[in-house]
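Working notes for the structure below.
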């Protein structure tokens, strides 16, 4: 009879515990790994690359007003050597300098060349205004075979002033120009250093020559330095060009007595543009905002590893070739051993017998969402994704890449290393500064991505916990947690019942009576098993006590009858 009761109780126990619902997250082995603040190489379900490495080997100019200077150097557009005749005035938002471009025809150099080049690169083009200078008693048609058009000529925007006749003394002159425009005027002039003293005397007469230039913010005097130099373009002389930015309503004055290359027109800059040095081919079929010497970087990523001197709206240059940004949860798929154990235990304990906790392992095949449910009941087994928790996590993760871009993108200007002798030290400082910035940003990039990855993984774990708590609050005393991410339900729960748990519409009062009855049956079975253990221990103790009492009684009788003697020695 006792055996029959035990069998019935056990059958009831198994029946009650047959219905089960488990929570888990998607997992599928894909080898996608990210680094966080505390760990390296954590596998995640989804991740995106943040470092661009793909280069377009062309200058993408679609939608841009582009000017290709070809053989003309950018500074040549201000002074006008023959190769720049078509670019003396222009409007553009993308200026391309070529390696073959040349700024000058007669040998010489520009003072503070790189600063002037940067100003012109950022301008949206050039427009010019005649300065109105007139001259008497001198020639204004100086020319040279170094600047050939159909014959010997000179810079289109400059006047080479010479004495009326050879060896005649050049008269002292003063010329002034007032900027009446609302924007600054770029004023440029030159100093001619003859190839010899004799040549200087022939061109400008005898005596020392002095040129003085001044405005409200500028004053400097120049003296030519005649002497032999290596011939370039057939010339041993040199022309050095100087410049200033003249504010609106300010006046520039020139005082000179020879060896002066006079400006003919003042230059005014138009708007904004981007200037690049590149020999890459133009392509009007693609659009770009970030350029470098090798072409165009087209990317929505926050970082790039293509060229440290890219300019425009560019991703930050970093030394790392890859920085993966987690856009999904931690990925811990079931391994082969785990799968074999699951298959073996299904035969004995059902679908969920061997599933580890929902944090330790994920489920493969949960393709409709990041989080979901598996259930087992009398109608069978099923799996369903939870869209709300998945969307909540996605909403918080979406925009991480854009936020990184906002933190890192900016308009870059390119400062080349074509420095003259005086500027070489400045160039070294700029190069050192650039390298230091790259080091800092490479570290910052790695840190920013690691912080975001840490937040993503913590966030997705948090959403899993929220989902688990939602189910626990619904089921209350109608179910029991098994410690592995599952709930053993104490009542019959068909597919509609399981759906109500997933949809957060489960009514625990509806099943409360049945669940309590089944819970009592389970507790009774547990209590009977525990009582039996107590009886066994009590029986064992009573038997030992009875055996000891009998032994002591026999000993007492024997001593009393003289059959046993007990001697106590002190």
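A Cβ is built for glycine as well, from the same backbone N, Cα and C atoms used for every other residue.
What Swiss-Prot says about this one:
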type     : residues : note
SIGNAL   : 1-18     : signal peptide
TOPO_DOM : 19-533   : topological domain 'Extracellular'
CARBOHYD : 30       : N-linked glycosylation site
CARBOHYD : 46       : N-linked glycosylation site
DISULFID : 60-286   : disulfide bond
DISULFID : 72-84    : disulfide bond
DISULFID : 105-147  : disulfide bond
CARBOHYD : 249      : N-linked glycosylation site
CARBOHYD : 253      : N-linked glycosylation site
DISULFID : 290-314  : disulfide bond
CARBOHYD : 335      : N-linked glycosylation site
CARBOHYD : 431      : N-linked glycosylation site
DISULFID : 493-497  : disulfide bond
CARBOHYD : 503      : N-linked glycosylation site
TRANSMEM : 534-554  : transmembrane segment
TOPO_DOM : 555-570  : topological domain 'Cytoplasmic'
LIPID    : 566      : S-palmitoyl cysteine
LIPID    : 569      : S-palmitoyl cysteine
In angstrom units, rounded to an integer, how far apart are the Cα atoms of residue 60 (disulfide bond) and residue 290 (disulfide bond)? 9
When distances run from the Cα of residue 314 (disulfide bond) to each of the recorded positions 46, 84, 147, 253, 503, the nearest one: 46
Mean pLDDT across the topological domain 'Cytoplasmic' (555-570), rounded to an integer, is what? 66
Any same-chain residues 6+ apart from residue 105 (disulfide bond) with CB under 8 Å of its CB? Would you list them in sequence order, or say none? 81, 82, 83, 144, 146, 147, 148, 155, 233
Quick check: of the recorded positions listed here (30, 72, 249, 253, 290), which one has the Cα closest to that of residue 497 (disulfide bond)? 30
Same-chain residues six or more away whose CB lies under 8 A from the CB of residue 84 (disulfide bond)? 69, 72, 73, 76, 77, 156
Where the distance is taken from Cα to Cα, which of the recorded positions 249, 286, 290 turns out closest to residue 46 (N-linked glycosylation site)? 290
Tell me, how many other CB atoms lie within 10 A of the CB of residue 30 (N-linked glycosylation site), whichever protein chain they belong to? 14
Candidates 30, 253, 493, 503 (recorded positions) - the one closest to residue 286 (disulfide bond) by CA: 30
Among 30, 249, 493, i.e. the recorded positions, the one with its Cα nearest that of residue 290 (disulfide bond) is 30
Of the recorded positions 30, 493, 503, which sits closest to residue 253 (N-linked glycosylation site) by Cα distance? 30
Of 46, 249, 253, 503, which of the glycosylation sites has the most Cβ neighbours inside 10 Å? 46
Check the Cα-Cα distances from residue 249 (N-linked glycosylation site) to the recorded positions 30, 493, 503 and tell me which is shortest. 30
Cβ-Cβ under 8 Å from residue 493 (disulfide bond), same chain, 6 or more residues apart: which ones? 19, 21, 375, 377, 501, 511
Between residue 503 (N-linked glycosylation site) and residue 30 (N-linked glycosylation site), what C-alpha distance do you get in Å? 31
Counting Cβ atoms within 10 Å of each Cβ, the densest environment among the disulfide-bonded residues 290, 497 belongs to 290
